[in-house]
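For reference, TrEMBL has these:
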- 37-56: transmembrane segment (TRANSMEM)
- 63-83: transmembrane segment (TRANSMEM)
- 129-152: transmembrane segment (TRANSMEM)
- 173-195: transmembrane segment (TRANSMEM)
- 210-261: coiled coil (COILED)
- 258-282: transmembrane segment (TRANSMEM)
- 289-312: transmembrane segment (TRANSMEM)
- 360-381: transmembrane segment (TRANSMEM)
Amino acid sequence: MSTPEQILVRNFEISYRLCAKIGLNALDRNYRPNWRTVYPGTVNVLALVQLLYFLWTERADLMQFLLILPHLMVTALGFHKFILCTVRSSEIFALRCKLTEIQALLMETTSNGPVICRTLNISRLLQKLIFVFYLAAVVLTSLVPIVLWLVIGKKSFMFLFFVPGLDQYSTEGFLVNTILHAIILLAAFCAYTGYECLFLGLIMPVGAYVDAFGNEVQELNSALNLKERNDPAIRARLNRIMKLHQLLNEYEAMLEELYNVLILSVIGLNYLGIISTIVVILKSNDRMAYIFFALMFEMLFRICLMGTIITVKNEQLVGHLYNIEWYQLAPDQARDLRFMLHKAQNPTSVTIGKYALLNLAGYMSVLKSIYSYVMVLVTVLE
């Protein structure tokens with residue numbers, strides 16, 4: 001049976017392997033951009049340049065503009081992930097180290113093991129689902145044009161990326177552009193899947209550790225209710241709870257510092273992308289729009305769900321502190337508990353650029369706004 005330490009390592013396994021293949025492995029202690037990093041960076045920049053050119057040339061045609069916009073939004077999201085992993089890799093690695101520190105302290109209490117393993121196993125399962133989801137999107141995008149060509153002889157693409165100066169409808173042009181799309185999709189799959197699994201890997205342990213924190217409180221209460229009190233053991237347990245509370249606060253503060261502004265840009269890009277994909281689906285039935293919609297909708301939902309997890313777990317953390325039987329503590333120990341409760345009154349939460357809490361309520365507000373703008377654009381295009 002796997003230990004909690006092994007499960008924590010596996011929690012980052014998919015992200016570690018995929019990001020390492022394209023030189024974006026921020027989980028590596030000695031990470032530096034290398035020759036592999038040139039691959040996703042070059043693909044991203046060239047794709048952005050070509051899409052911006054297409055937008056400029058089609059700016060007079062609203063429908064064509066909206067057809068191109070989802071490609072730009074998804075590519076911009078990829079560029080966002082590239083910048084995060086290269087420029088802020090030290091912060092990502094610091095978060096990974098903080099998780100190890102918190103778990104090492106929690107594992108001093110043996111009964112915390114099953115509690116931690118349960119949530120980390122859920123995180124691992126969700127990452128596998130994300131892996132399959134993105135792999136399916138890549139396979140569909142790659143194979144549909146080839147199947148159409150082989151079955152009915154129709155040369156068409158789902159991507160808008162092309163080799164300049166080459167007739168895309170000739171056999172040679174079709175094959176060359178198909179190879180180009182495969183190169184782009186390989187980089188995109190590793191970057192997107194690796195980053196999304198990394199995000200889950202950094203958020204889900206918070207749930208595991210708050211649950212284990214509750215177990216620590218139960219152990220303290222049990223020690224307080226023994227007929228023969230062991231004051232040194234009670235003090236040791238309370239000190240560990242204080243240390244855990246401090247480490248959890250530090251970890252969430254690091255998460256907020258890393259993600260609050262970045263999440264604002266991610267939600268903004270997904271917001272524009274989802275609006276444009278829905279309009280394109282309704283008006284032109286473009287095949288790629290369905291895939292883009294699924295990808296961006298998943299990103300938006302997952303980000304807001306993770307924000308909700310942080311908010312709920314912060315509330316549970318405060319509840320665990322209130323569950324401590326303070327009236328059985330010595331006066332100096334009760335003072336320590338009051339200090340923790342005071343700090344817990346203003347918990348750190350992942351926010352959308354510090355403008356709003358990242359939770360399901362914000363998610364519903366974004367969906368309502370998307371619906372309103374889609375209706376306006378559909379009316380304009382009629």
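Every residue, even glycine, has its Cβ placed from backbone N, Cα and C.
Long-range Cβ contacts of the transmembrane segment (360-381) within its own chain (Cβ-Cβ under 8 Å, at least 6 residues beyond either end) map to 62-63, 66, 267, 271, 274-275, 278-279, 282-283, 300-301, 304-305, 307-308, 352. Summarised as a single figure, the pLDDT of the coiled coil (210-261) averages 86. Long-range neighbours of the transmembrane segment (258-282) within the same chain, counting only residues 6 or more positions beyond its ends whose Cβ lies under 8 Å from a Cβ of the stretch, are 66-67, 69-70, 73-74, 76-77, 80, 84, 88, 91-92, 95, 289-290, 292-293, 296-297, 299-300, 303, 307, 350-355, 358, 366, 369-370, 373-374, 377-378, 381.
Tallying C-beta pairs under 8 angstroms between the transmembrane segment (37-56) and each of 129-152, 173-195, 289-312 places 173-195 first. Of the two recorded stretches, the transmembrane segment (129-152) does not lie close to the transmembrane segment (63-83), with fewer than three CB pairs under 8 Å once pairs fewer than 6 apart in sequence are set aside.
Here the transmembrane segment (289-312) has long-range neighbours at 67, 70-71, 73-74, 77, 130, 133-134, 137, 140-141, 158, 192, 196, 199-200, 203-204, 206-207, 252, 255, 263, 266-267, 270-271, 273-274, 277-278, 280-281, 349-351, 357-360, 362-363, 366, meaning same-chain residues at least 6 beyond its ends whose C-beta is under 8 angstroms from one of its own.
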